[in-house]
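Enquirer: If you scroll down you'll find the structure; I have some questions about it.
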Amino acid sequence: MKVLVLFSVLFLTLFSYSSTEAIDEFDSDAEDDMLSLMANEQVRAKACTPRLHDCSHDRHSCCRSELFKDVCTCFYPEGGDNEVCTCQQPKHLKYMEKAADKAKKFGGKIKKWFG
């Protein structure tokens, strides 16, 4: 039984060592590839539509707030026949952002007190 445990520990150690070396070699090549792809992607990135601006040309182009992406909301003004679309933040996401901000500030105060 002791021999079996000893061999299993030895096997796991050698296996983890060999896999980390293979991963390290893969990571260096993969990092270079990803950096070149990200550079190309940043060039292609289009500008986002700010909040309360017209988004009828591209309904998925609204900018992100601190935590969530704004949503393109379309409506018909009273007495109008044409549709108006603007980037807006839904109320429930607005309240969630405010709550997260207050929790973050409260966490900072606690860290000061006990830190």
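Glycine is treated like the rest: Cβ placed from N, Cα and C.
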Enquirer: Disulfide-wise, see what Swiss-Prot says Cys55 is paired with, picking from Cys63, Cys72.
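Expert: Within the candidate set Cys63, Cys72, Swiss-Prot assigns the bond with Cys55 to Cys72.
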Enquirer: Per Swiss-Prot, which of Cys74, Cys87 is disulfide-bonded to Cys85?
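Expert: Disulfide partner per Swiss-Prot record: Cys74.
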Enquirer: Go through the disulfide-bonded residues Cys48, Cys55, Cys62, Cys63, Cys72 and tell me which ones have a CA within 10 A of the CA of Cys85 (disulfide bond).
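Expert: Among Cys48, Cys55, Cys62, Cys63, Cys72, the ones whose Cα sits within 10 Å of that of Cys85 (disulfide bond) are Cys55, Cys72.
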